[in-house]
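Report on the structure given below.
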Amino acid sequence: HSIGQEVVGLFCMILLTLTALVANIVVMVIILKTPLFRKFIFVCHLCVVNLLSAIFLMPLGIISSSSCFNWVIYSIAECKAVIFLNICFISASILTICIISVERYYYIVHPLRYEVKMTIRLAVAGVVFIWVKSVLITVLALVAWPHGNGATSASRCTVYWSPGAHKKVFVILFSITCFILPTIIILAVYSSIYRVARTASLQQAPVPAQAVAPRHRCDSIASQVTIFTARILMLPRLIPDRLLGSNKAILTLVLIVGQFLCCWLPFFAFHLHSSVPLVTVGGGHGEMVVTWIAYSSFAVNPFFYGLLNRQIREELARLRRSCLNHPLGQELCLSISEASVQENFLQFLQRATCTLETHTSCISPSPRNRLDQTTTSFPTPGQVPEESS
């Protein structure tokens, strides 16, 4: 490769690493600093995994991928440690994303059941399950690994260059447990959420009482024209706002699933293809490209699962103004129409599902409804609920 390509590649890898460091730290600080956000254990856990990957895994990936570090030689023990970190963090990240999708499914489709069963103990059990499964899968990769005091180049210390016939079995098992099954679950879960969004978009927006029956009847022509004009202008505003919220929900779901597949499908397809007998796959540059496409997930996850949330962005703006010693009293207040358009798509779908499936329970004065009617809604783990209008 030319020197220019090497410089550009090295710059992109360093930029991705720094982005992963900063973005994940910012989201973690916001979640841990804000009392109402501290129950979002899975989103915070995803940021922890991404941050650990940015600290340990991505710098090792730079050494393995750039020709500037061809002089680096790993011992057998050091190569085992590199592969352990690689497989463990990749597994933990994908499994956490899978659990977040399942959590969102129950939050939206079965809100009442979610509130009863979703506890801190269950969330901690989910985190423990993620790490136990990740470590067990990583241990399988190191089974039958050659022992001794040998050495290997840093660029060849990867799963693709792993010696032994057990590599093919491991790659297939690793791909099934850490990509194929989670992908099936994610697609099934978000397909169900998509159906809820589509059903919600077909519902007619309720007409306010002011638009149906005015307080005082007036028979004057001017008053009747005013009332008629208000009705005409108000109804087109309400229905597009609701449809726009649903379209935003559908677009967000497509972006989340698309981002996951774009990052991880090339990586696992490459290793699965390399495990097929009598198939020669060019390593080196090809493996480096798919590996860093996968590593980019560590940098973009905090945006898709954290900073795209309006309430987290507002909290980040408050922290920034506080650091700059700006008065916090000058907050920007969204209008009713803006808030309805920009509200969180999960809260929109959850209310739509509540209307479609548990209408009676929603009308009853349950603690959830009383909380929803207050200014500050009670947060749920896995996603920060937006302020409803």
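Cβ atoms are placed via backbone N, Cα and C, with glycine included.
Look at TrEMBL and you will find 6-31, 40-63, 83-102, 122-145, 169-190, 249-269, 289-308 tagged as transmembrane segment. The annotation domain 'G-protein coupled receptors family 1 profile' is assigned in TrEMBL to 23-305. For 365-389, the entry in TrEMBL reads region 'Disordered'.
In this chain, the transmembrane segment (169-190) does not touch the transmembrane segment (6-31); fewer than three CB pairs sit within less than 8 A of each other, excluding pairs fewer than 6 residues apart.
With a cut-off of 8 Å between Cβ atoms, the residues of this chain six or more beyond the transmembrane segment (169-190) that come close are 87, 90-91, 94-95, 97-98, 101-102, 104-105, 133, 137, 140-141, 143, 159, 253, 256-257, 260-261, 264-265, 268, 271-272, 274-275.
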